[in-house]
Amino acid sequence: MVTNSQEGETLPATSSVTGLPQKRFYRQRAHSNPIADHSFDYPARPEDVDWRSLYPNIGSEQQVEFADIGCGYGGFLVTLGEMFPDKLAIGMEIRVKVSDYVIDRIAALRMKNAETSAYQNIACIRTNAMKYLPNYFQKSQLEKMFFLYPDPHFKRAKHKWRIINQALLSEYAYVLRSGGLVYTMTDVEDLHKWIVSHMTQHPLYERLTDEEANADPITPKLYQSSEEGAKVVRNKGDHFLAIFRRI
Amino acid sequence: MTTIFYAEPELVLGHGRKVLFLNPNDLQIFKDIELPADLTTCGLKIAAGETNEEQQQPVGSEKAAAAGTNLEVSIVNVSYSPDRQLIALTTAGQKALLLYKSRPEHAKLLSVRALARASSSLAFAPDSSSVLVTDKTGDCYRYDCVELEAPPQLLLGHLSIVYDILWTPDQKYIITCDRDDKIRVTNYPATYDIHSYCLGHKEFVSGLALLTGTEHLVSASGDKTLRVWNYLSGKQLLQHELPAPAVRLQLRQLLPAKRFQVAVLFYDHVEALGLYELALDEQSNDAWTIARQQLVRAEAGSWNISCFALTADSIYVAGALDERLTLRVYNSSDGEQAKTVPTGWLDMVTERFADQTCVPEDLSVWFKKRYDNVSDYMERKKRRIEDHQQQQQQQKS
């Protein structure tokens with residue numbers, strides 16, 4: 001066991017080199033049943049959420065505007081926080097260990113960067129985004145929503161578990177403001193076609209043109225900064241991107 | 001499942017394969033509907049191996065479809081259209097929506113359409129042109145009542161079972177409530193556009209009713225509250241604590257836009273029903289109070305109550321006793337057994353259902369299983385941290 005050179009509190013699953021939590025202590029299987037009752041505590045309404053406990057420096061009128069749905073191990077969320085230091089971004093993850101990893105990661109990053117107060121604008125909550133988005137966000141609150149490498153749930157019986165489906169698109173449109181953007185990325189072509197088909201059919205979304213998508217500074221980050229994305233690049237897989245605007 | 005409601009002057013009672021339309025004032029039976037044991041004989045087409053993408057296919061579905069004719073038919077929901085011309089009923093076993101012409105003939109069958117899943121609630125449009133059917137997966141379908149063979153239109157979906165659905169009188173909104181504590185107000189006909197949510201309940205929401213003449217709604221929930229909302233803004237106006245979880249709600253208007261009688265059926269409680277008089281404050285236009293309340297024991301515990309109907313001064317309660325449908329009447333004023341309705345007549349009515357078993361429904365499943373999948377993990381993590389710190393101490397010394 002390597003002795004930690006740092007004094008004071010360190011999390012045991014923390015690397016002595018980087019001071020950040022190590023993923024191997026937080027592994028959990030990728031698939032999860034979102035329909036079953038997973039969360040046992042969630043707010044009844046957005047007004048009941050204690051945002052200050054997640055964002056210590058939150059301004060009195062400030063609200064979360066970016067949401068990474070199924071943020072996994074938080075790679076993209078961290079990038080988002082760095083790109084937009086004045087915006088509050090939240091990661092939502094249903095898996096207990098994985099969300100805990102992200103929470104620990106953010107805490108470690110904040111501690112390491114205490115002088116610059118960086119990473120105070122990102123947070124992660126363990127919750128079922130398919131059921132509880134309206135519990136956390138008011139109507140038209142969000143500016144951007146991210147669905148990066150969502151679980152494809154291949155079997156037809158499980159299609160209702162897919163995070164993008166006709167019924168849920170209406171709920172996402174409710175929390176997203178007019179002009180807001182939905183970013184979707186996957187390496188499964190079948191899922192990409194499903195997403196594009198459903199979102200195109202839904203009257204409240206229109207797809208961005210390739211020019212518009214490429215002009216967005218976030219687009220290049222979608223490929224690499226999430227752990228799933230980096231894995232796809234390593235395995236030389238395909239990336240399928242679709243960005244939609246909420247009308 | 002048993003269903004009972006009052007559509008003045010008729011009291012409608014449905015169970016198994018029969019629906020009776022009764023007149024409680026002169027103790028007559030207006031008309032009745034009896035379904036055949038096999039609905040394919042009256043036109044139901046059961047598609048074997050349905051390929052609709054929205055449906056979840058259980059493994060034995062092919063077998064079930066082939067053996068569809070062997071499934072027992074049992075009535076789930078019954079509803080009268082607002083113009084009283086039509087009667088809609090839904091069945092389980094062989095899942096179907098049946099439409100009958102109510103006048104002038106005696107309940108003439110107009111159409112039979114298959115349902116993908118058994119219904120959980122049913123509501124006619126205010127102009128009687130269509131009917132909404134919801135199911136246990138949270139999907140809500142619209143069936144046209146003018147184009148009787150028109151296939152259903154999927155309007156919206158919740159992620160859990162929808163317990164109640166209603167239209168606003170101007171047909172601009174559809175309001176639904178589900179097992180995930182939510183009340184949702186959706187635009188109509190643009191049902192892809194959600195207008196608002198009424199959030200606050202902490203358990204399943206079992207019933208909704210509009211306070212006609214206002215923009216307000218009353219709801220009852222398994223969280224032991226009765227709440228009044230402005231459904232357009234989503235704002236909660238009143239929260240009234242109930243002695244037990246509420247599993248059904250019925251409303252009667254006493255004074256338009258001002259006074260309403262709300263009745264709820266309790267789950268597993270010494271009193272079976274609670275009657276509450278909602279009154280709107282004279283000065284304001286959104287301050288509601290409970291002016292009066294009356295609890296009705298209805299011999300709770302000695303039989304299994306499933307539903308009830310409110311008339312002008314009585315409550316008709318239906319339930320199971322010794323696996324047979326039983327009907328009892330109580331006064332709204334004092335909760336005592338009503339003397340005005342002879343028990344002989346009640347027996348005669350339930351005798352018509354004697355050949356159908358009446359098994360009580362287990363409502364405990366409505367409550368969400370809240371299991372803690374976090375504490376164990378956090379405990380182990382805490383112990384890991386403590387062990388690690390102990391080891392650090394040992395290494396230092």
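Quick reminder: no glycine exception, Cβ is built from N, Cα and C everywhere.
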- Return the residue out of A:G70, A:G81, A:G179 that Swiss-Prot annotates for the same S-adenosyl-L-methionine site as A:E93, A:I94, A:N128, A:A129, A:L148, A:S226, A:E227, A:E228. A:G70
- Residues near A:G70 (S-adenosyl-L-methionine binding site) in space but at least six apart in sequence (CB under 8 A): A:M92, A:E93, A:I94, A:A129, A:F147, A:L148, A:Y149, A:P150, A:D151, A:I163
- Message: Pairwise over A:G70, A:E93, A:I94, A:N128, A:A129, A:L148, A:S226, A:E227, A:E228, annotated as binding S-adenosyl-L-methionine, what's the top Cα to Cα distance to the nearest Å?
- Response: 20
- Of the binding-site residues listed (A:I94, A:A129), the greatest number of other CB atoms within 10 A surrounds the CB of A:A129
- Should A:E228 (S-adenosyl-L-methionine binding site) be counted as helix, strand, or coil on the basis of DSSP? helix
